[in-house]
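Peer 1: Okay, handing you the structure first.
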Amino acid sequence: FKSSNLTFIPSFRKTADSRLQAAAECFGFWCFFKSPFLLQAVGFLLWIICWLDVFYSFWERSHSRNVAAVHLVSPTLLGLTMLLATLMVQYERMKGVQSSGIMLIFWLLALLCASVTFRSKILQAQDQAVSGWRYTTFYVYYALLLLALVLSCLSDQMPLFSQAVKDPVRPPHTVFSFGCATDIFLWSVSFRMMLTGYKRPLEEKDLWSLNPEDRSHCVVPQLLRRWTADLHSCSDGENVRAVEESEILIVKSPKKSGEPSLLWALCLTFAPHFLVSCLYKLIQDILMFVGPEILRLLILFVNDPDAPSWQGYFYAALLFVCTCVQSLILQRYFHVCFVSGMRLRTAVIGAIYRKALVISSAARRSSTVGEIVNLMSVDAQRFMDLVTYINMIWSAPLQVVLALYFLWENLGPSVLAGVAVMVLMVPINAVIAMKTKTYQVAQMKNKDSRIKLMNEMLNGIKVLKLYAWEMAFKEKVSQIRENELKVLKKAAYLGAVSTFTWVCAPFLVALSTFSVYVLIDDQNVLDAEKAFVSLALFNILRFPLNMLPMVISSMVQASVSLKRLRVFLSHEELQEDSVERPTAGGSPYSISIEDGVFSWSRSESPTLKRLNVRIPEGSLVAVVGHVGSGKSSLLSALLGEMDKMEGSVSVKGSVAYVPQQAWILNATLKNNIVFGQKRKEAWYHRVVEACALHQDLEILPAGDETEIGEKGVNLSGGQKQRVSLARAVYCDRSVYLLDDPLSAVDAHVGKHIFDYVIGPQGLLKDKTRILVTHGLSYLPQAHLVLVMVDGEITEVGSYQQLKEKEGAFAEFLRMYAIHLKWTSLDFSSENWLHVYHEKSLSSCLEPVPNSPTKPMENGVKLSVFFSYLKAIGVLLSIISLLFFLSHNLLSLFANYWLSLWTDDPVVNGTQPNRLMRLGVYGALGVSQGVAVCGYSLSVSIGGILASRFLHQSMLFDVLRSPMSFFERTPSGNLVNRFAKEMDTIDSVIPMILKMFMGSLFNVVGSCIIILVATPMVALIIPFLGVLYFFVQRFYVASSRQLKRLESVSRSPIYTHFSETLLGTSVIRAFGEQERFIHESDQRVDHNQKAYYPGIVANRWLAVRLEFVGNCIVSFAALFAVLARESLSPGIMGLSISYALQLTASLTWLVRMSSDVETNIVAVERVKEYSDTEKEVHKPKVEVFFKMLQSWVGGRGSCISCINMRATF
């Protein structure tokens, strides 16, 4: 292998060369043409070899040879391990894991351990005789281990019988399965999606399926189980059985002797996964301080002309390796945090939805729709945002302590002056945090009031327009909004003070430390090593001190949200045992109430009193009484919707409920009727015919497949009521509770429905029917009539009995003075049906097109940015920019001044100009503080001005839209605009703009300093800059579309939730809670399916950008080493210290630029409504009649044969 000059030259004999070539070719073929079972076969062979060693040891002992115990124990344990490893490989393959990180680490460790034995055996063979059998088996074992390691580095094909094959877009997480290696693979696989997003707009089919552990059905029950346990621990000692996961809807709140802790439940649920991020953060925090130490070594290297060059190159390479490892650890940390936040948001939304299904009527009055929507949209989001940075609560103090330790090592006791500055800032920020929390509570109250009012306005928009109340209600909303903005403005002032203190903190710490250092002793010289190593440490100190205000603010907001959420989840719930459900058989009574006393709230007086009634099975019971007598409350009591104060209620069999106000789903007419039940064609058509819907289906555009509800055809009140009744009839229940279903239909249609559905000969003739009605003509056919007066059943009997009794019922009849006879009206066959359907469907012949929200596919237009800047104000925008520029120029000059200071000559052990240098350095710091305060205030005030303008514009545009706009736009979309999008404009965009501008100027300033200090970097920076630009644009194309897909998929969550809140009594009556929970979970998962790729894309971007930054750091160090003879230590220290912070600045800049572009979508979505059709200021009909009035000149005239069509 070596030539005569002892130079290493690989060389083989001819025969060996040909054999190795053939072996290499065969090995390569088998590696790249990998059999699905090859790794399992290798594991099986390893197991056999281990057991052969065991059998050989037994053979030796049988021949009276002395065999050490290790020769028996070691191969036995290895054999069992190899068998388990082989089974593990097969198990993971069956689960669809194509590349197992766990097995990769196992084979690597096994090979490393075997390599030690391999070396020992070679050395042992040179000195003594060896066992040929054991050496042969070991070498085969070692070769198989090497083969297993190579095979585990390659991806398996999925088995055809694996469940994973059924998912066409599996999440990459299920393909690879180990820590940081998973993420490197994950971020690489995400390139395919990024490339797709760059070529064309991403669509839902391009998104990965959600990981099973991130889905609602996995996450929500875990939180609810912990919350349930905590509630039970606060109960009055009641022995409550454990709730099974399949039974969980939400916690069943017992009476509490203490306050349950939602925070503790959240910690127990998500801490196991989240604590992993703490480990990564700890490692990353320690690695942060490697950079300043290498900088110190580089400065010492430059100062020492006798140091060998290889040391400088080694330090540059070490700097590159350390920064790359730090980047990977940091991105792994962020990935775990973001996934934890995503799971937390999923769990919170699921808990809110489940609670809303069981909350009592009294509690519902204290939690409006607006508040609950805010809990879902704003508060849940705040939890998710906090999780990302919550580790800074312990990480920031740790970084500060480590930085101060290294500063003490560098500058000695002078660092205590910096500590004093930081200690003084603690009470200031404590006061700011307390005031901020107060403002957050006030802001959320105003926000709840505004969203509540907006929700009521959107639900009653038709009434508002009929009475022309739009502008009056606009003023109401605007007044609440002004109160909200006042609070925001106060919070902005506090935020400016907080930003001023924390941004200036690192400089004040540096200034105080350097001042004390040079003033306490004339012999203390501030050289390059001390100054720039300290400056690098101060730059590290800058990040935790800058992040703390944001984290504290997020914690304050999250604490407010936590309290609101805890109060909501602790609300009183419906009594599960208020209505007994006896099994079939036994009592002949279908419904029985004994001494019943019911109330809508335990704190209120009873609504229903002394109820005693028994209703036989299969009977038709009519409930009559004056308005407010308690008829609807009686049905609510039978449904369990009221609190049972005394007595007992028994309802035998399943229940169907038809409310007085029909509840219609945003679905097809068929799905509204079938309502999740199995489709029975014959029964379905009988129900449709009996409910007088047959001719409606013929006229509707798509028959029973026509979309109805908020997003579809706008049905009349009578049609909605008939659909609601058809739903109940189709479900075929034992007991029917009908709350005046015939009040919304014409008398002719009412008779048809009564005859064919409710009456003695109808489809429900064998069912128990409780009919609340004002139609006295139906009463003679009822088996029983219940008369209610002031919440009591005063009379019970047949129609004739009560009529002869001359009691309350007779008084009721005389009051209405009606004795209708069915024969008094002409019900001639098809006439009335034809006329009725013509009338009721006239508005449906041209249905409103269903136009679901679609994500815009092009980039964010510049006009959107200009719209936001215009809303801020051109002058204020320019002032903000000038403040940013001034701050960064002053910062650059201050650090450059410091480098000049360190290069000052030392005369008699001191620097003569140190006082002048220190004074100028301090003046530059004060100027920076003024600039920081200026840009913080200007950006915050500009954000408030923009929020006011955009909200008012959207409010005006929405209220002036025609009714057709509201019929085709789900209210959830509109509520989402006024809640989530406006919250983004209020709070997120100003903060992101501030951080984006700061990062932009930091990057530009760092590049200028590096170029001035080491001009050779100019050869590399343009190339890296172009790479950076293309990576950024490549990322933004997909990131923007993912953000839009996530925004679009968020609105259906709120739409479905609002729809559920309106129909909770119907859902509970039909027992469909689980189906609606499943539907809500699916919508949340669909939203997270668009959010998760955004997390991965962020990590993909960060890894590449930090690699670019690390390259700049390494080249700056490398060129500094090459030019050490012409480079002063001060300039070199300045260059590398800026290069060290460039990586973080680059990553932060791209993240902020992406966040600006993705969050500015909120402005785009708000401005979207400005382009919709608007009503004319003066109604056309008014103009028409004025024209007629002027035409006839006031003379008496008759206008006939005029056709008019209402357009809203």
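Here the Cβ of each residue, glycine as well, is placed from N, Cα and C on the backbone.
Marked as transmembrane segment by TrEMBL: 37-56, 68-91, 97-118, 138-155, 175-195, 262-283, 313-334, 386-408, 491-520, 532-556, 871-898, 1019-1036 (among others). Look at TrEMBL and you will find 275-557, 878-1158 tagged as domain 'ABC transmembrane type-1'. Residues or ranges marked as domain 'ABC transporter' by TrEMBL: 591-815.
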Peer 1: For the transmembrane segment (491-520), could you work out the same-chain residues 6 or more beyond its ends whose Cβ comes under 8 Å from its Cβ atoms?
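Peer 2: Same-chain residues near the transmembrane segment (491-520) but 6 or more away: 407, 411-412, 414-418, 420-422, 425, 428-429, 432, 435-436, 439-440, 443, 526, 530-531, 534-535, 538-539, 541-542, 545-546, 548-549, 553, 894, 911, 914, 918, 921-922, 925, 928-929, 932-933, 936-937, 940-941, 943-944, 990, 994.
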Peer 1: Do any residues, 6 or more residues outside the transmembrane segment (386-408), come within under 8 Å Cβ-to-Cβ of it, and if so which ones?
Peer 2: 270, 274, 277-278, 281-282, 285-286, 288-289, 292-293, 333-334, 337-338, 340-341, 344, 415, 418-419, 422, 513, 533-534, 537-538, 540-541, 543-545, 547-548, 550-551, 554-555, 557-558
Peer 1: Residues of the same chain, at least six outside the transmembrane segment (262-283), with any C-beta under 8 angstroms of its C-beta?
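Peer 2: Distant contacts of the transmembrane segment (262-283): 219, 222-223, 226-227, 229-230, 329-330, 332-333, 336-337, 339-340, 343-344, 347, 383, 387, 391, 394-395, 398, 562, 565-566, 569.
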Peer 1: Give me the stretch from 37-56, 138-155, 313-334, 1019-1036 with the greatest number of Cβ pairs under 8 Å to the transmembrane segment (68-91).
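Peer 2: Between the candidates 37-56, 138-155, 313-334, 1019-1036, the best contact partner of the transmembrane segment (68-91) is 37-56.
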Peer 1: To what whole number does the mean pLDDT across the domain 'ABC transporter' (591-815) round?
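Peer 2: It averages 87.
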